[in-house]
Amino acid sequence: MITFTLSSNKYQLNFHGKEMLLSFCELLAFRNTINAIDIDSHFYNDHSGIEIVPLCNLKEILILETTDVIELKKIIHAIFTPKEVEVLN
Amino acid sequence: MENLVRENLSINIKIIDLLNEQIKMEAKASSMYLAMASWCEQHGYDHSAKLFYDQSAEEREHMLKIFKFINDNGGMAYAPEVPKVSHEYESILDLYKTALHEEIQVSKSIQSIFLTCRKEKDVASELFLQWFVNEQLEEEQKMRHAVKIYELHGDDVENLYALDKRISRG
Ligand SMILES: [Fe+2]
Ligand SMILES: [Fe+2]
């Protein structure tokens, strides 16, 4: 299971039981890394289905399977999508 | 969670992504103009070469302006990879036509981001981009002016170098 929760100005990522604290800029960098993964390529025969992703300025490394990547893309999109009423007010 | 995003970012995340794409475009333009300056020098068009050296520097400034804007407002700007640019042109007219075409692509891109700002109600980014909208008009005019000069008077080879001097006078 993957979850993001807020804990006093940091983002706590729980990745299958492993916990990491991300500052906002680390979250931004993580978002960029995840968004840059071409998920379609995972479904070609020669793809290992594994992504190795550095996190928090190389302090951590995550090994992601295809399903993790899909889930993370969804979660991160949700974090950064403001609700209608909150659009830059 | 969204509130913390808003606390950290003064501008819309979608706009940040688009501006990072624009950074790549400005970097490519800067590199392309450097290649054009080189071509002009090789072929004896000294005034055009100067114009393209200056233009290359300007594109880098555009890039940095966007870069700073993203970082100053809580986002993360990415240093661009620069794609390959052409060093081959059939003629000085062909070269200016290519430059004009590229400027038009940049204008379209800027305008499209501008309209997205509107849609996303990102007023700050919209105001920031207003300068670029105007700047693009100038850049298009500069290249269109050169294309016109060479289209009208460029048939005579003797004339080509005389026309080069007129380019810098604008
Ligand atoms: Fe530019
Ligand atoms: Fe330009």
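Note that the numbers count up from 1, one per residue, in the order the chain is shown.
Glycine is no exception: its Cβ is also placed from the backbone N, Cα and C atoms.
TrEMBL annotations: computationally assigned, not manually curated.
Checking the candidates B:Glu26, B:Glu81, B:Glu158 against TrEMBL: the one annotated together with B:Glu59, B:His62, B:Glu103, B:Gln136 at the Fe cation site is B:Glu26. Among the binding-site residues B:Glu26, B:His62, B:Glu103, B:Gln136, the ones whose Cβ sits under 6 Å from an atom of ligand 2 are, in sequence order, B:Glu103. Within 8 Å of the centroid of the Cβ atoms of B:Glu26, B:Glu59, B:His62, B:Glu103, B:Gln136, where the record puts Fe cation, the same chain has further Cβ atoms from B:Met25, B:Ala29, B:Glu58, B:Val106, B:Phe132, B:Glu135, B:Glu139. Note: the domain 'Ferritin-like diiron' (B:9-154) comprises 117 helix, 0 strand, 29 coil (DSSP; helix = H, G, I, strand = E, B). Among the binding-site residues B:Glu26, B:Glu59, B:His62, B:Glu103, B:Gln136, the residues whose Cβ lies under 6 Å from any atom of ligand 1 are, in sequence order, B:Glu26, B:Glu59, B:His62. Cβ neighbours of B:Glu59 (Fe cation binding site) (same chain, under 8 Å, six or more residues apart in sequence): B:Glu26, B:Ala27, B:Ala29, B:Ser30, B:Tyr33. In the structure as shown, the Cβ atom of B:Glu103 (Fe cation binding site) sits within 10 Å of 21 other Cβ atoms.
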